[in-house]
Amino acid sequence: VRTKWNGCLQNTLFLCSFTGVTSSTECSCGRNHFTCAVSAFGECTCIPAQWQCDGDNDCGDHSDEDGCMLPTCSPLDFHCDNGKCIRRSWVCDGDNDCEDDSDEQDCPPRECEEDEFSCQNGYCIRSLWHCDGDNDCGDNSDEQCDMRKCSEKEFRCSDGSCIAEHWFCDGDTDCKDGSDEENCPSDVPAATCSLEEFQCAYGRCILDIYHCDGDDDCGDWSDESDCSSHQPCRSGEFMCNSGLCINAGWRCDGDFDCDDQSDERNCTTSMCTADQFRCKSGRCVRLSWRCDGEDDCSDNSDEENCENTGTPQCAPDQFLCGNGRCIGQRKLCNGANDCGDGSDESPHQNCRPRTGEENCNVNNGGCAQKCQMVRGMVQCTCHTGGFLEHQGCTNSEGGFQCWCEQGYELRPDKRSCKALGPEPVLLFANRIDIRQVLPHRSEYTLLLNNLENAIALDFHHSKELVFWSDVTLDRIMRANLNGSNVEEVVSTGLESPGGLAIDWIHDKLYWTDSGTSRIEVANLDGTHRKVLLWQNLEKPRAIALHPMEGTIYWTDWGNTPRIEYSNMDGSNRRIIADTHLFWPNGLTIDYAGHRMYWVDAKHHVIERADLDGRNRKAVISQGLPHPFAITVFEDSLYWTDWHTKSINSANKFTGKNQEIIRNKLHFPMDIHTLHPQRQPAGRNRCGANNGGCTHLCLPSSKDYTCACPTGFRKTSSHACAQSLDKFLLFARRMDIRRISFDTDDLSDDVIPLADVRSAVALDWDSKDDYVYWTDVSTDSISRAKWDGSSQEVVVDTSLESPAGLAIDWVTNKLYWTDAGTDRIEVSNTDGTMRTVLIWENLDRPRDIVVDPVGGFMYWTDWGASPKIERAGMDASNRLVIISSNLTWPNGLAIDYESQRLYWADAGMKTIEYASLDGSNRKVLIGSNLPHPFGLTLYGERIYWTDWQAKSIQSADRRTGQARETLQDNLENLMDIHVFHRHRPPGTELDPSHTELRACSGSWDVAQLSCKELTCLFLIFARRTDIRMVSLDIPYFADVVVSVNVTMKNTIAIGVDAHEGKVYWSDSTLRKISRAALDGSQFEDIITTGLLTTDGLAVDAIGRKIYWTDTGTNRIEVGNLDGSMRKVLVWQNLDSPRAIALYHEMGYMYWTDWGENAKLERSGMDGSGRAVLISNNLGWPNGLAVDKAGSQLLWADAHTERIEAADLNGANRRTLLSPVQHPYGLTLLDSYIYWTDWQTRSIHRADKDTGANVILVRANLPGLMDIQAVDRARPLGFNKCGVRNGGCSHLCLPHPTGFSCACPTGIQLKRDEQTCDSSPETYLLFSSRASIRRISLDTSDHTDVHIPVPELNNVISLDYDSVDGKIYYTDVFLDVIRRSDLNGSNMETVIGQGLKTTDGLAVDWVARNLYWTDTGRNTIEVARLDGSSRKVLINNSLDEPRAIAVFPKKGYLFWTDWGHIAKIERANLDGSERKILINTDLGWPNGLTLDYDTRRIYWVDAHLDRIESCDLNGKLRQVLVSQVSHPFALTQQDRWIYWTDWQTKSIQRVDKYSGRNKETVLANVEGLMDIIVVSPQRQTGTNACGVNNGGCTHLCFARASDFVCACPDEPDGRPCSTSEFTGCHLGSRECIKYPCYSLSGEGLHVSYIIGGLLSILFILLLIAALIIYRHNKSKFTDPGLGNLTYSNPSYRTSTQEVKIEAIPKPTMYNQLCYKKETGPDHSYTKEKIKIVEGICLLSSDESEWDDLKQIRSSRGGILRDHVCMKTDTVSIQASSGSLDDTETEQLLQEEQSECSSVNTAAATPERRGSLPDTGWKHQRKPSTESEV
């Protein structure tokens, strides 16, 4: 027999085990020993004989206790059912001490107090704990609660929980059971990202600049896939294909650490390092883990073939001795050396010193909790649960008492503690939002949404603030805990802020940044920011604070993972764990338990340790795929897991009771328990006065330290300097940073600047504390104070690649190089007086430095012939000083003391110097310079940046020795300078060297010899700006015309050379504007009636402006101020674009690129129209007239040609082919110039031959129209002469002279010279935000806007021909207003008490105004000025809409589309009311009267027809039976005109036959009311027409008489003295109104009696009528008579119209009217309510179901139209521009070209019985530009 241990059999106190290599399975131990059962591996174990049947598992397999008789218990003990003995006092104490629960059976229930809740198990708990989501009873009987009701704004999940309503069907599973994403409509539109955004794989949009930046901004790494160049990873890291950087040691270790698993591809078997063991799976683990008893490989291969080290795995109820042996648990601390090495009795096992007589009955055996006797000895144990949180244990006679720490209360089990205060809430970041969840129930709410990438999180409970970091925006934000008041706290210098923590006692914010490898601190508002720790940090992640102790803890998952702590001032830093760590992600502190917990995502474990790192133990080591963050509360741990997208919980002691709190989350990140006990009170070491510190007061373990913000030096123990005097300044593309030389830490600090995209060159001026920089992305030069304040752009035009910058600090000048334009320029430091100094023989100028003392400037040029040049600061005496052995000469620096010039060459990889004249050249540093870029000198040192080494280094400026690295791991390093205050002072120089003189012209780029005025120039539109290029100077430079207005889509451009003004059209703003060439005198001249103005031409001679509109297909003309506008051509136009004028010849030319592209000509008055060219044209864009050469030139983007022809179209020839995509074309002298979309350039060629093509300006995306101007050229002769040709309005040239013309719609008088001020007969119509007119005097039927201000949602119109005023209702403002015909004198007539004014009618005779109010169901009247207001009818009205008056007959007519649609008539005073039509009606909308034939006409929008009848409702006939969706109508002569919502048009038919249907005007959104203004319309008179009939207030004409009436509200003027029912006052009659007698005589009694009898008779008649109607209704056709129609609400956009009719139960005799909350014309990004059907007042779902059943049973009625609830659709105006990529794609596809703006047309489509009926948008296909 070979034994495992030598000599173990001789000592009976030793456990002995041996392996027998025998033929039998029996083992035999010596005398006085018991032989345990043979194990499965054939091992035998021997134990001392007395250990048999002692109740202790000594064998490990219980074989020493099998078959033993149960012990008998003492009288003081309780005998458990399983034979175990426990103390009797433990019975019914709530603990399972017997381990079979027999000590807790049949326990009597307790009597609970009034304020307590009685648990089913007999416990009593506080009533407040009932239904709080916490199992306080222990049997969960306190949580058997009814589900709470969800609010109106919440959605109830199937499990009863409530979530926010807008989370329903949002693509995110928010209900635990996923019920919020079930039964969702399939046509939910996918998110579309804007041009500046990148779309992630799951649909989210992020800014495009975050695409391929190395950060996981999408959350699924889709923004980092397919990137051609990634941010390189650090040394010691491996880059995944997705761009993620991981520890290099994890490559080919068998674990998928990359999100795309690329770290485990192409692996060889030799990838493990020398200190690693390779598992069978290929995974690498640490060599020290081999044969350690743990399965680290996951396939147990690290534990195979191990030498048996004698370290058996003990059973759970055994103790492992220090020497590796196993003994029974009860032998621990029994006073006997059972292990043999004394480890079972050591103080580490908390064994008490023995005192002799010991008994559990005496002082509880000295135990803190449970005491039990084992083999006559006292053994102390804990209660069930191992050990307890937040509590102590006090001994008492016969037992013990537990207690809780402050802020906690003992639960009824008297063992555990519950936190006081509100219910705990788990606050967690979810990348795109921050949410909160109650851990004990399914309450789930949103705190903040629409976030980019929220990672880290913490809160400040007493200040009610939440803080979070966003690694996409690289910001730290904060908000109130209710989600309001979001603001930035830290916005600069962050790269990957993965952890943050709040010091709630001292009000400080701490954060980690794994990108900068720093831990920083600041005040809660981000001020006084300081780098706290920066050395020996790699990738700090989680951070936790213990403000009561003054300590800070953090994890670092770099190449040497570790957990560290230090004081909160950064002192006393120590490592507390650095073994068995991979990805230590989350970290939390259990303040009451004095422990820390952390998660390791790579090791898949949750561990705990004391706060000093001792007693480390794994709590959970299974079921943790990728834990990220962790928090603790009471006895539970909560953590987030990336892999399962869930929040989980478990017991913090045992790791058991694991539960999923929430799963199916978007991407759970950091998590915290929001509860006051997680931020307990503590001593503020800084006190109330910030510790006397001027800046930061940071606590330490016992005291505090005053600290200064990064870079600021301390001036005393409590004070800091107020400014920086010396600092290194360097650019890093996306930011500009400084490193202070005032402090020792040399931490870089980001200067807080806005919109830094790609900073390259730098300089500074200490006189004004300014820092200057160039940005090659925004092509600008900017400046700001050194602290980031006072930021401004200095130069931002005509820059392409400004790579060098230098400040002349003596004369305050700014010099720069531009490698794109190959120029060196200068300006004042504020950007004024800009001048080009050098523009010839420059190839790629890079850096520039100036020596204002010596009067020279120096620059490097790394073009084809690299060189360093010198010139005077005025560009004189230019000289090449270095031209050999140069490759990429980058940075330059001048040593003013030694008169040397230093430079860095990235190609030669050297830093060299020479004298200022180029002599004495020497290499300073020639090794270890991979790619030097920026260079500067300060003191005795030279500093440089290196692109490849990613570092800032320095050396001795004389010797190149003593090299140091100031900063490394810095990407994209650019220029570098040292800011100080000791620059050499300058001397007085020759003024010509420094003075810049301003030119008196309007040009920004001054010339070397200034001219009085720029005469020759190009001016071109670039969508969002207008630019000029002077042709007077020997180089081409474009500058922006600085108009102080936002341009959206500038297309066409024209110039008035006489006044020096530029005119342009903006197709997005739909305006034509003008301004002076210097940007001043801006004004809009045309603001209405434009859709897409593609072409524009200025007639400077005739002082007119002409334009084409491809949206309206018109060519128009007007005066230069926009007045006297006239449509010249409107027929047979498809898509007119470019337009050109030849005033001297009287011709205008235009291109049309419609279906049949052509080039046309007419007189400038529109006469003599002729097609010149109509074949072989595609997209004729640009057009120009060569007057000198008598030829016509045009550019065609489809045929890719520039062609020419004679002025009559003959002799056509090609000048240039191919040209890629020409758009604008112009000519000047002997050259043509054109813009090209594809090359994004302006080109020039000879106009006669097309030869000598050169590039004028490049890199100009968005180029549109272009014009060449020679202001010196005389204008020419005006055909109209000096007196405007004798014309009263417009004088327009034509080939043989000129003609007079009138503005649109007005006819020229017979003298052919003068015009009326307005048309005689015209239509007036409203379209929500406008009121327009269409003249019926002329045939063009062009609509002209009436410039009435403040129109929001105009519905109803009428006109008063006496005063010439328009009356209209605006249902957004709820007002009735009036104005003159020219839009002036607008005033509110009725401004109060209106709800929905649908109809309006003017009584032009009695001067009264009538209106219907659908909201109040009334018809009212007032005088035309709004006075004497009176309700006429307010009963038996359901939905009154249109209204009309017939003053001559004394009649009032109106339509009602309520429950029973009808048309009614009454006298003008409301009397003698009569229903004219009430059968076969749907939605009677419009109503008009034909006063000549005395007929009523109306439109029915449901039955889709126009009908008429006589004034009594007889002789009814259908005029038109197929109209789409008519709204209003009017009548003039033989025509009926109406507006139609669906066709968006005004149409007309013959009123007698219903034939000859014509479209008067098409494509008008939001058409509403329409009326005719005509001298024949408002004729006739009545008794009220003279002196108001003698009435003081209201006069109402009737068929045979009239009545006077008083207003409802007295106005102070006398109207009557007493009230009578009837009286004759001369010729006046008053009925039921107060009146007074002019003569003062009394009324005869006979009149009173007669009046009473008359009333009685009328009442009897009414009763009879009601009975008759009631009986008649029983026999009415059930398919029609009982139907109620729901009419469209015009408070919706007519872009989407939904039409339904419904059979409706009688309980729905009410409709509700939805009002919008804003002006209707503001469609963009608003939810617009479409209430096209019925809106039910009741929200009862069962009633709604009833209604649906009725609908389904009558599906065949009314074309199966169905009833819908109010639908909500989103209407968004399309953004009017394409990016360059899309434009190029369109060019390649060569689709047919269309307008330069999106004119998406909605094609209506009638739907049948579908639940989502409605009109759907159909978009026209994108074509050439869709600008």
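Backbone N, Cα and C atoms are what each Cβ position is placed from, and that goes for glycine too.
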For Cys175, what is the disulfide-bonded cysteine listed in TrEMBL, choosing from Cys157, Cys162, Cys184, Cys193? Cys157
TrEMBL annotation, disulfide partner among Cys119, Cys124, Cys150 for Cys137: Cys119
When you check TrEMBL, which of Cys169, Cys218, Cys227, Cys233 turns out to share a disulphide bond with Cys200? Cys218
With reference to TrEMBL, specify which of the listed residues Cys112, Cys131 is paired with Cys124 by a disulfide. Cys112
From the candidates Cys258, Cys267, Cys297, Cys306, select the one that TrEMBL records as forming a disulfide bond with Cys279. Cys297
Helix, strand and coil totals (DSSP H, G, I; E, B; other) for the domain 'EGF-like' (1583-1616): 7 helix, 8 strand, 19 coil
What whole-number Å value do you get for the CA-CA distance of Cys157 (disulfide bond) and Cys150 (disulfide bond)? 10
In the same chain, which residue numbers or ranges, 6 or more beyond the ends of the repeat 'LDL-receptor class B' (812-854), come under 8 angstroms Cβ to Cβ? 761, 765, 770, 772, 774, 781, 783, 793-795, 798-806, 860-865, 871, 873-875, 878, 889-894, 896, 901, 903, 916, 935, 975, 984, 986-987, 989, 994, 996-998, 1004-1008, 1033-1035, 1037, 1259
Rounded to a whole number of Å, the separation of the Cα atoms of Cys291 (disulfide bond) and Cys240 (disulfide bond) comes to 32
Considering only the disulfide-bonded residues Cys53, Cys162, Cys169, Cys212, Cys240, which fall within 10 Å of Cys175 (disulfide bond) when distances are taken between Cα atoms? Cys162
Looking only at the repeat 'LDL-receptor class B' (1364-1406), how are its residues distributed among DSSP helix, strand and coil? 0 helix, 23 strand, 20 coil
Which value does the mean pLDDT take for the domain 'EGF-like' (359-418) in this predicted structure? 59
Measuring Cα to Cα, how many Å separate Cys112 (disulfide bond) from Cys85 (disulfide bond)? 31
Least crowded of the disulfide-bonded residues Cys150, Cys162, Cys212, counting other Cβ atoms within 10 Å of each Cβ, is Cys150
Looking only at the repeat 'LDL-receptor class B' (1494-1535), what are its DSSP counts of helix, strand and coil residues? 0 helix, 24 strand, 18 coil
CB neighbours of Cys252 (disulfide bond) within 10 A? 21
The one of Cys175, Cys291 whose CB sees the fewest other CB atoms within 10 Å, among these disulfide-bonded residues: Cys291
Find, for the listed disulfide-bonded residues Cys184, Cys205, Cys314, the residue with the lowest Cβ contact count at a 10 Å cut-off, counting only other Cβ atoms. Cys184
Between the C-alpha atoms of Cys205 (disulfide bond) and Cys68 (disulfide bond), the distance in angstrom, to the nearest integer, is 72
Close approaches to the repeat 'LDL-receptor class B' (507-549) from elsewhere in its chain (Cβ under 8 angstroms; 6 or more beyond its ends): 456, 460, 463, 465, 467, 469, 476, 478, 488-491, 493-501, 555-560, 566, 568-570, 573, 584-589, 591, 596, 598, 611, 629, 680, 682-683, 695-696, 698-699, 701, 707-710, 745, 747, 749, 969
Among Cys162, Cys193, Cys240, Cys306, which are recorded as disulfide-bonded residues, the nearest neighbour of Cys212 (disulfide bond) by Cα: Cys240
Cys240 (disulfide bond) has how many other Cβ neighbours within 10 Å of its own Cβ? 21
